[in-house]
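The structure appears below as structure tokens.
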Amino acid sequence: MTEDQGFSDPEYSAEYSAEYSVSLPSDPDRGVGRTHEISVRNSGSCLCLPRFMRLTFVPESLENLYQTYFKRQRHETLLVLVVFAALFDCYVVVMCAVVFSSDKLAPLMVAGVGLVLDIILFVLCKKGLLPDRVSRKVVPYLLWLLITAQIFSYLGLNFSRAHAASDTVGWQAFFVFSFFITLPLSLSPIVIISVVSCVVHTLVLGVTVAQQQQDELEGMQLLREILANVFLYLCAIIVGIMSYYMADRKHRKAFLEARQSLEVKMNLEEQSQQQENLMLSILPKHVADEMLKDMKKDESQKDQQQFNTMYMYRHENVSILFADIVGFTQLSSACSAQELVKLLNELFARFDKLAAKYHQLRIKILGDCYYCICGLPDYREDHAVCSILMGLAMVEAISYVREKTKTGVDMRVGVHTGTVLGGVLGQKRWQYDVWSTDVTVANKMEAGGIPGRVHISQSTMDCLKGEFDVEPGDGGSRCDYLDEKGIETYLIIASKPEVKKTAQNGLNGSALPNGAPASKPSSPALIETKEPNGSAHASGSTSEEAEEQEAQADNPSFPNPRRRLRLQDLADRVVDASEDEHELNQLLNEALLERESAQVVKKRNTFLLTMRFMDPEMETRYSVEKEKQSGAAFSCSCVVLFCTAMVEILIDPWLMTNYVTFVVGEVLLLILTICSMAAIFPRAFPKKLVAFSSWIDRTRWARNTWAMLAIFILVMANVVDMLSCLQYYMGPYNVTTGIELDGGCMENPKYYNYVAVLSLIATIMLVQVSHMVKLTLMLLVTGAVTAINLYAWCPVFDEYDHKRFQEKDSPMVALEKMQVLSTPGLNGTDSRLPLVPSKYSMTVMMFVMMLSFYYFSRHVEKLARTLFLWKIEVHDQKERVYEMRRWNEALVTNMLPEHVARHFLGSKKRDEELYSQSYDEIGVMFASLPNFADFYTEESINNGGIECLRFLNEIISDFDSLLDNPKFRVITKIKTIGSTYMAASGVTPDVNTNGFTSSSKEEKSDKERWQHLADLADFALAMKDTLTNINNQSFNNFMLRIGMNKGGVLAGVIGARKPHYDIWGNTVNVASRMESTGVMGNIQVVEETQVILREYGFRFVRRGPIFVKGKGELLTFFLKGRDRPAAFPNGSSVTLPHQVVDNP
């Protein structure tokens, strides 16, 4: 059988999981399971304990960490035990000093030495002056030996004249229980040292007292008193074990909460970091921060805004680079759509790496065009140099595509320096873009360039300061725009050897570490893997992997690099699992140490006397905190009453009141216990009782009342027994001899005070009440016993002392000798008793123990409040992290489709990894504002063009708001390109895009399959109506030119480091041509699209054949409207943004 076995108690498991379990986000790539089991230890010295008391964490490393934490927490309670020992020494000093005589010198000196040692030990432990190993391994046992020695020295030196079986039994029981609640040891050693102490104490008393017995009757009385001692010790040990279990469970709960909270926090932080990295790979940080700030605004604040928020910033003196693949059409014809996208993905991933190397901000990828900017958002003086180096590296990088495809592809690069307006437009699918006349110039610089060369403008040339050799570019001869604007252009001469040196010097060594060349040409292989959901993932191997493959081709014995990589990945995951577990445990230990050193309660968050939180709201939250261990606390009261009854029955077996109070009290306490445990085990009790129990747990005054009832029952049982005993054994009063008392409880009345000590123990076990309530209850116990000791039982204790110490004197003479403050006789002899009268010593003992337990209760409440504050702090931290994650997630899903964002947030992706999804039946739409170019100016009246873009932002935002309509839920915005809006329908793989219940395409009719295309056509008509509404309100005359098409596409993301979602294929190209060759104010479609949409009631006008670049002549139609209204899910029409409804 294994050492640890799964814990199978259904009740406990349900409660434990309900208290401690948390929902952890799935994280398959972490490599380590985040669920840890609470098991039962089936070996060791505590095997005799119940299963629920033998808890252990799995794995063993977690249990070891917990034991370190638990002992560290208990180390502070060790100081409490030192205080207990010091109070006991003070008690002995007082008891010896008030009746000082020559025979009291030895116990007085021993107690004084013990007190000094206690103080020294307290200071050493408090200040941390002892080595950690000594403090945790040696001091607990040393303190136990010191306390045990003090008890036995007090027993042997103070009671040397006449020993009794009850001597120091109360103190022994007190310290045995104290060992369980204070010593920073495991349960097994505490049980062992406690049992050893009790056995030795019992044997010493039994042997010593037995030597003084003179007849058989006294022997029977001794036997009953020894058995009473055993029950006192047994009660202290049982309740001590339960208190240890309760403390262990409370700390396990705090530890597990800390562990799981740290796991969740780390997981959320990791996911939040992934989201932030993804977000910042698409948007610059200053734009993303501004967006997050606005997203957190209240809806009321947003409603007060007159216009939609626009995130646009002006950046001056930046260099803009446009790069286009020359021969892309030839390349497209040589590759399938998927192969082409994989090729572009790998190429643009390399460009992204180069962009990071040369401090470029990638703006967008438009088909085969790549453009970026240097000097944004942070200004760089060498922005022009960086852009030139970037262009040269891109020209060199395209060579591997040329070699692989055996085509004449090349790069044409244009660079211009000027001012841009950078930001995002619209409210959905945010993408960072730049606008300005200088951006147009940079675009024309690329168009007027030469393949394989970097074409720069005069403004860029002015920023180079002679860093590169150039030659005239003559761009005006190849581009009418450049010729019209009179822009001088140049071509970079990159053939000279000093270019690499210039690259390093121009970047001050920052871009090219260790003198590495700008780029390294390679011809990597493209690996494709098909996923079950139909998506294709492709990874381009790095240059190092390509070299390995070449080596493998030359040498057949060379190991397969792919297989080695897979094996290495598997080994890395195993190592990562172990490292993650070790890292988490280390972080947990640091977090726990940080908590402990924070001393949160000592920062005056609480009042000094009452220990209540200064914040009333915090105090209210603490007061309603449920205490799951209240049932165990009340069960301790039942154990205490049982042992109390056994002790009293053994001392006085003839007194019937002992039996009656035991039965009645036990029944009442069982009722209280059941009512408290119903909330812990709800399936075992009626619903009404469970509800009542839960109400008690969360209601402070009800908890206090329940606790007071339990202690009141214990006190009344003891008081009734004491008073009944007095009445039963009181004989007739005689003037000469006093009260004649004999038999039963009169033989040793100290035991009734000892059982009161058990009532004090039961009081501090009440975990659901505050230390002030416990103090009140302990004052009740101590006050009741004190009143009986000093008044009702005064003659009882006097008679007991007389029989023990002055057997031959009459009671009146003995009473005279028992005066504590009497002076020595005239003859020089001491006529006082050798001890303080028992009625006073027992009373003082009760008060000392009460003060000790009150001190411990304050410590326990401070710990409980500290754990509560830790819990609140951890909860608040998780809430803050979760809130940030939620906003980041909202921002990320507004930049990428949700299913695509989940793919990239799930695990770390390689830079060249491709996410793609093939679709056979998709609708694509392009909608542009051709006359916006005439509207846009950069005059000062328009704030350099910003106000023009603000108006464009309003138009695009209104288009975006249409997508919130349930009718258009199947439509996905792809992107905006300047003033062109691109959308598609049916590109969400995990949603039934057609809105019908048919599960397979074969089972659907054509009308079902193409419903999303009809929705896209309705969306295009709604965009036209929206623009008309905007024109009417702004007195403008903007017109849309829209093109639509249907067919198959490949949707996916290019570049995992800087993901760019787009769709590719012939369908997209034709839709784009339908827009560019269209007529303003019309929606142009090809014949295949017209045939499908006609079935949905759309009206068309035949335009006729038109020439489309790359496609020849195509028959096209203009979509004019719809005869039948669209079938909206709720029967309502589309509400246009800012629509003004005319009242009849």
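Note that Cβ sites are derived from N, Cα and C of the backbone, with glycine treated the same way.
Scan Swiss-Prot for SUMO3 cross-link across K137, K357, K465, K1111 and the hit is K465. Per Swiss-Prot, the residue from the list N158, N317, N734 bearing the note N-linked glycosylation site is N734.
Record check: Swiss-Prot places D324, I325 at the Mg(2+) 2 site, and the matching candidate among D289, D294, D368, D378 is D368. For D324 (ATP binding site), the nearest of the recorded positions D368, K465, S1076 in terms of C-alpha separation is D368.
Distance between Cα atoms for R1073 (ATP binding site) and D368 (Mg(2+) 2 binding site): 16 Å, as a whole number.
Taking Cα separation as the measure, I1063 (ATP binding site) is nearest to D368 of the recorded positions I325, D368, K465, S1076. Within 8 Å of the Cβ centroid of the Mg(2+) 2 site, not counting the listed residues D324, I325, D368, the chain contributes A323, V326, F328, G367, C369, Y370, M411, R412. Annotation for the binding-site residues I325, L366, I1063, V1070: lowest Cβ count within 10 Å of the residue's own Cβ, L366.
Long-range C-beta contacts of R412 (ATP binding site), restricted to its own chain and to partners at least six residues apart, with a cutoff below 8 Å, comprise A323, D324, I325, V326, E446, G449, I450, P451, G452, R453, H455. Cα of K465 (SUMO3 cross-link) to Cα of D368 (Mg(2+) 2 binding site): a distance of 32 Å. If you measure from the Cα atom of G327 (ATP binding site) to that of D368 (Mg(2+) 2 binding site), you get 10 Å. Taking CA atoms as the reference points, L366 (ATP binding site) and S1076 (phosphoserine) are 15 Å apart. A C-beta separation below 8 Å, combined with a sequence spacing of at least six in one chain, links D368 (Mg(2+) 2 binding site) to D324, I325, F328, L344. Reported as a whole number, the C-alpha separation between S1076 (phosphoserine) and V1070 (ATP binding site) equals 10 Å. Scoring each of the recorded positions (K465, R1073) by how many neighbouring Cβ atoms lie within 10 Å, the top position goes to R1073.
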